[in-house]
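Peer 1: What Swiss-Prot shows for this protein is this:
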| type | residues | note |
| --- | --- | --- |
| REGION | 1-229 | region 'Pyrophosphorylase' |
| BINDING | 8-11, K22, Q72, 77-78, G139, E154, N169, N227, R332, K350, Y365, N376 | UDP-N-acetyl-alpha-D-glucosamine binding site |
| BINDING | D102, N227 | Mg(2+) binding site |
| REGION | 230-250 | region 'Linker' |
| REGION | 251-461 | region 'N-acetyltransferase' |
| ACT_SITE | H362 | active site, proton acceptor |
| BINDING | N385, Y386, A422, R439 | acetyl-CoA binding site |
Amino acid sequence: MEKYVVVLAAGKGTRMKSKLYKVLHKVCGKTMVEHVVDAASGINPTKIVTVVGTGAGEVEKILANKSDFAFQEKQVGTGDAVMTAKEALGDKEGATLVVTGDTPLFTTDTFNELFKYHAEKGNAATVLTAEAPNPFGYGRIIRDNQGNVLRIVEQKDGNPDELKVKEINTGVFCFDNQKLFEALKHVDNDNAQGEYYLTDVLEILRNNGERVGAYKMPDFSESLGVNDRVALAQATKTMQRRINEAHMRDGVSFIDPDTAYIDADVKIGNDTVIEGNVVIKGNTEIGSDCYITNGSRIVDSKIGNGVTITSSTIEEAEMDDNTDIGPNSHLRPKAIIRKGAHIGNFVEIKKAEIGENTKVGHLTYVGDATLGKDINIGCGTIFSNYDGVKKFHTNVGDHSFIGAGSTLIAPINVADHAFIAADSTITKDVGKYDMAIARGRQTNKEDYWHKLPLSKDKDWE
């Protein structure tokens, strides 16, 4: 059986009170519509068609390699939205999954179970349902005495008895494709909203003698539709718990999983430990046997094995195996920390490579520089890379020693085995085995204390 998917993503989402198109709001680093399309892709469909509306260019850009598109000019109901996919799917044989783009928690497993049930029962239509603790706002599943699905009644159209029903429509359906598009021709907008409801297709099919069924999924939380910021936060919390549990099952330890925020595409190796209040975002990859302490933030970075990150921020950077950083340090974009290097506290590194086993201990800025291996950078060193117009590069060779409080004014080259005395301001290249001293000479004034006003203060005697 060929499988097809229609994703409904044309809604404006006015309750989000946002300039951003509703399905583009993110849940754990991915837009809601990406979550839906990725879950649907897991069933290996022949084609996915995403229905978009005015101003949906960003949706098309994000899903360009994952979906075809249909355009709904006016948002006049889910039935009309699905009908826009007729040109792409109307003549196809097989089954079509219809799902909304604002339901990011659905899983591939649930979609597979729905298709399986649909095929086994020989249904023309199967609705995915769930038992809701509080069904307010959802369409209710109305069954006959034998348990067969008669219709779905929307909140604003239901009578008191119908609204007591707790089995709800999740907004996900599986249809015989050709019967779906034939039935859509007969859907009207005679309802309180004046819209063309996709749910009316079920009653039309049933009246035509077709078999209509329902598959009740066990986990109601998957069906959460995001219509406002409250629901967005709920979806994020649920997704975060799911992500963290998956990592724990794969051998990652979380000290406090409730406060660790990990994006959906993050990869983490086994035997890594993550403390609470840690944020890991984007396409970050973290190796095995790492330790990440509270307050750390890692974005779009690659972390090797055996790395320790202590309360530090890492953005678009790389840390090789057996390196460490922190506390309170910052790797900015294009920072590369080679194997065995040590980055201490209050260090900022930007667009610089730190060589193997090099130590940058504390209170240092390294920008636009290449440092070799086995170098010691003293406390308070500054790599001065900007003249107000352009940025310049500094090179420091292997086995060099940069004394505390030094300033290296780019562009300069410091050769291998060079020594820079503390508190020097270096403006010229330093040769191999050379020592550079660039500071004022010390002068001692004998007995100068007694010339100071403080010398007459008894507390200072």
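All positions are counted from 1 along the displayed chain.
Each Cβ is built from the backbone N, Cα and C atoms, and glycine gets one as well.
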Peer 1: Given G139 (UDP-N-acetyl-alpha-D-glucosamine binding site) and N227 (Mg(2+) binding site), what distance in Å do their CA atoms have, once rounded to a whole number?
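Peer 2: Per the Cα atoms, G139 (UDP-N-acetyl-alpha-D-glucosamine binding site) and N227 (Mg(2+) binding site) stand 15 Å apart.
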Peer 1: Count up the helix, strand and coil residues in the region 'Linker' (230-250) according to DSSP, in that order.
Peer 2: 20 helix, 0 strand, 1 coil
Peer 1: Would you list, in sequence order, the recorded positions among H362, N385, Y386, A422 whose CA lies within 10 Å of the CA of L8 (UDP-N-acetyl-alpha-D-glucosamine binding site)?
Peer 2: none
Peer 1: C-alpha of N385 (acetyl-CoA binding site) to C-alpha of D102 (Mg(2+) binding site): distance in Å?
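Peer 2: For N385 (acetyl-CoA binding site) versus D102 (Mg(2+) binding site), the Cα atoms are 47 Å apart.
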Peer 1: Which of the binding-site residues A10, G77, R332, Y365, A422 has its Cα nearest to the Cα of N227 (Mg(2+) binding site)?
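Peer 2: Answer for the nearest of the binding-site residues: A10.
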Peer 1: If you count other CB atoms within 10 A of each CB, which of K22, R332, H362, R439 wins among these recorded positions?
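Peer 2: Result for the most crowded candidate: K22.
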Peer 1: Only counting partners 6 or more residues apart, tell me which same-chain residues put their Cβ under 8 Å from the Cβ of Y386 (acetyl-CoA binding site).
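Peer 2: Residues satisfying the criterion: G367, F392.
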Peer 1: Pop the Cα-Cα gap between Y365 (UDP-N-acetyl-alpha-D-glucosamine binding site) and R439 (acetyl-CoA binding site) into the table, whole Å please.
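Peer 2: Distance (Cα to Cα, whole Å): 20 Å.
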Peer 1: Would you identify the secondary structure of N385 (acetyl-CoA binding site) according to DSSP, in three states?
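Peer 2: Coil, per DSSP.
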Peer 1: Which residue, out of the binding-site residues L8, A10, A422, shows the minimum number of other Cβ atoms inside 10 Å of its Cβ in this structure?
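Peer 2: Least crowded of the binding-site residues L8, A10, A422, by Cβ count within 10 Å, is A422.
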